[in-house]
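The structure under discussion appears below in the form of structure tokens.
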Ligand SMILES: [Zn+2]
């Protein structure tokens, strides 16, 4: 959104500085910032175009199981435009697309950096955060951190120009340095040429020669068309512009990141009239704002910021039928690094993670209740026989806006205040898995299971799990909670890892019915398989510290007790036995050796067993180097 007054001020600055617009810093392009990449002079928190693209490539090289880099087009000056695609490639689940673009406006320093930090946050916390593992297993996140590289290079080197547009100099403004180029956020191919865009080639919001005329715009449109489901587009999107999209089946999200204004903006831009899916957008924007402290802004008198046409949101929502949201970060174009690192970054990483959880059914999930807290106790002590999982679920908390929301209409958020009717817990998997665990009902905390019902829009729920029911599911068990409100809306999924100590009874204990798979009931556990681990206990040294570490990712004092040490050694022997007598993953301290071992992968500076957490036959088989042991129902490392 163009602030006309500010634009005029910028024009004055450009005119003043036109003759002395040499690069603002010297020729030293080797400057490395805190992140180890080239950063913008004077702003060590913001990577340059080269630094950002280098980071995207480094992520793709370092995390081949998660990341892919793809060229989607070229800028006007023939610079490559890339997307970084992030998803758990080993997950067999059907994935919904999330496309994040940043840097469409050149002078907005923070957005490209937020986008690349989000990518780093996802890959660095994979395998550690159950929430992020759940997102990456079920979502394909595509990030174009530098959407306008030509303009960005001008903006990072000549701050006095306040460069906004691309660098297309093929118009009448080419002699007026600082004013040429096309506003890419007025050049998209939906309602192009209407009000809220300039026809003046020297204007800050110049719409371009024709819809989609710019190569940067064309690259983004072509990529979006390729990833978002064609079946949810309208036959005649202009004529049927006011018709709502089907909220039950709509999936995928588009997020465009700009600065500044501290807004969460939703369609329309081309007119101040409510969009067909207004109520859902109201819910989405309120929830994102409750996280990052922004204010919602949309058409239909909902703090509408001014008419624009040919913009990213209207194109993705109107033309492609995709739920589309725009973040306006911070309070200035060249936001200082203290503000970025301490406020904008942490607040908006959380908001982007929340958006990522909506992608499967954005319009529906935002209307449902949120799991605002999920607590699983540390159950690694061998003496734990039960664990109590607790959840706070609210249909209201995240609809509440910050105090400075006076200029919003006093309209109530009709989907955000219902009683909670159920809280489901999924143990050993995610509800979006191809074969999810059977959900368990959580009870009102303090009540007796199954007897009391939830009475409020905000509730505490609890469920006690028997640890003996969890054996055979690996040392790290995914636990996910989902709330449902009285209108029947399910909310987004929240997950945590439950870590338990391995048990001697692992092979003998039948799996709990709730997490059983269809064919498991046919398989009887034989006495032979139950006795096998016990009989070979003496084959290893129980005190071996290496073995202890291999089976317990978070060592606790309890690990030193004789009972738990024996337990660990027993299980290790089972693995060695079936694995052909090879070493455990954690015996490897060299990354290359680790990755060569079946079922082992180097993660977080450790050699980790990637089979251990897979508690279903189909999941186990999807992972290279793992094999399902049908008798003990454990996924084991299986060297070829
Ligand atoms: Zn912008």
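The backbone N, Cα and C atoms fix where each Cβ goes, glycine too.
Within the listed segments 1-30, 31-60, TrEMBL records region 'Disordered' for the stretch 1-30. Counting every protein chain shown, 22 other Cβ atoms lie within 10 Å of the Cβ of residue 328 (active site, proton donor/acceptor). Residues belonging to the domain 'Peptidase M14' (45-353) score a mean pLDDT of 96 in the model.
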